[in-house]
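Participant: Sharing the record's features from Swiss-Prot:
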- 27, 30, 33, 86: [4Fe-4S] cluster 1 binding site (BINDING)
- 37, 79, 82: [4Fe-4S] cluster 2 binding site (BINDING)
- 18-47: domain '4Fe-4S ferredoxin-type' (DOMAIN)
């Protein structure tokens, strides 16, 4: 009736219910979701390699592997590609509960304001949604990657500030990588200056990546 657009949940009760009938596997020879997955996380037989899944990757707190940064694109949290392409979901009306409909400004927020949002502002604006449970750092990291995806040069001053001043290595390093993706020779000295003072080895590695991209 609803395709795969359902919330999964559990309720503990002592009421005896008759078991449901198993759902029929209607995939057959269809491989659309397998072929459409940006990172190849889906394999034959309905198996999922969660460590490749964008829905998983966007929730991690560390540096994202290089091979997935471009594939994540502009996603801040989660990924629905497999659901969007599934023939079983075509024509399904899952807009049943208006109170569950996402606010466009929350579901697709502007990227640059996320870079400097405070903990309090983040909790007030996003604290009620599932994407906030890991805190603001993964969302900010993903916003930096999204800005690099768009090659938004107007974000360079914000990214440079993060690279020099943010206390979190993940944010400093990802910002340095993004500067390398977006910028040109005019910002090379900012990366070189950051490299001289940086103490964290992982961040240094990201700065070097940024420098190499600008020199390529």
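Cβ coordinates come from backbone N, Cα and C, glycine included.
Because the structure is a prediction, the values reported are computed rather than measured.
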Participant: Rounded to an integer, what is the Cα-Cα distance in Å between residue 27 ([4Fe-4S] cluster 1 binding site) and residue 82 ([4Fe-4S] cluster 2 binding site)?
Facilitator: 13
Participant: For the recorded [4Fe-4S] cluster 2 site, whose residues are 37, 79, 82, find every other residue on that chain with a C-beta no more than 8 angstroms from the centre of their C-beta atoms, and list them by sequence position.
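Facilitator: Result: 33, 36, 38, 39, 41, 42, 53, 54, 55, 80, 81, 83.
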Participant: Does DSSP give residue 79 ([4Fe-4S] cluster 2 binding site) helix, strand or coil?
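Facilitator: SS state of residue 79 ([4Fe-4S] cluster 2 binding site) = coil.
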Participant: So around the [4Fe-4S] cluster 1 site, 27, 30, 33, 86 aside, which residues have their CB within 8 A of the centroid of those CB atoms?
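Facilitator: Going along the sequence, the neighbours come out as 31, 32, 34, 82, 85, 87, 88.
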Participant: Between 30, 79, 82, which of the binding-site residues has its C-beta surrounded by the fewest other C-beta atoms within 10 Å?
Facilitator: 30
Participant: Could you measure between residue 30 ([4Fe-4S] cluster 1 binding site) and residue 82 ([4Fe-4S] cluster 2 binding site) for me? Cα positions, answer in whole angstrom.
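Facilitator: A Cα-Cα distance of 12 Å.
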Participant: Could you give the Cα-Cα distance between residue 82 ([4Fe-4S] cluster 2 binding site) and residue 33 ([4Fe-4S] cluster 1 binding site), in whole Å?
Facilitator: 5
Participant: Identify, among the binding-site residues 27, 33, 86, the residue whose Cβ has the fewest other Cβ atoms within 10 Å in this structure.
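Facilitator: Per-residue Cβ counts within 10 Å for the binding-site residues 27, 33, 86 bottom out at 27.
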Participant: For residue 37 ([4Fe-4S] cluster 2 binding site), which residues of its chain lie six or more apart in sequence with Cβ-Cβ distance below 8 Å?
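Facilitator: Counting only residues 6 or more apart in sequence, the Cβ neighbours of residue 37 ([4Fe-4S] cluster 2 binding site) under 8 Å are 81, 82.
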Participant: Rounded to the nearest angstrom, how far is the Cα of residue 79 ([4Fe-4S] cluster 2 binding site) from the Cα of residue 86 ([4Fe-4S] cluster 1 binding site)?
Facilitator: 14
Participant: How do the residues of the domain '4Fe-4S ferredoxin-type' (18-47) split into helix, strand and coil according to DSSP?
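Facilitator: Summed over the domain '4Fe-4S ferredoxin-type' (18-47), the classes give 5 helix, 3 strand, 22 coil.
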Participant: Please report the distance from the Cα of residue 33 ([4Fe-4S] cluster 1 binding site) to the Cα of residue 79 ([4Fe-4S] cluster 2 binding site), rounded to the nearest angstrom.
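Facilitator: Taking the Cα atoms only, residue 33 ([4Fe-4S] cluster 1 binding site) lies 12 Å from residue 79 ([4Fe-4S] cluster 2 binding site).
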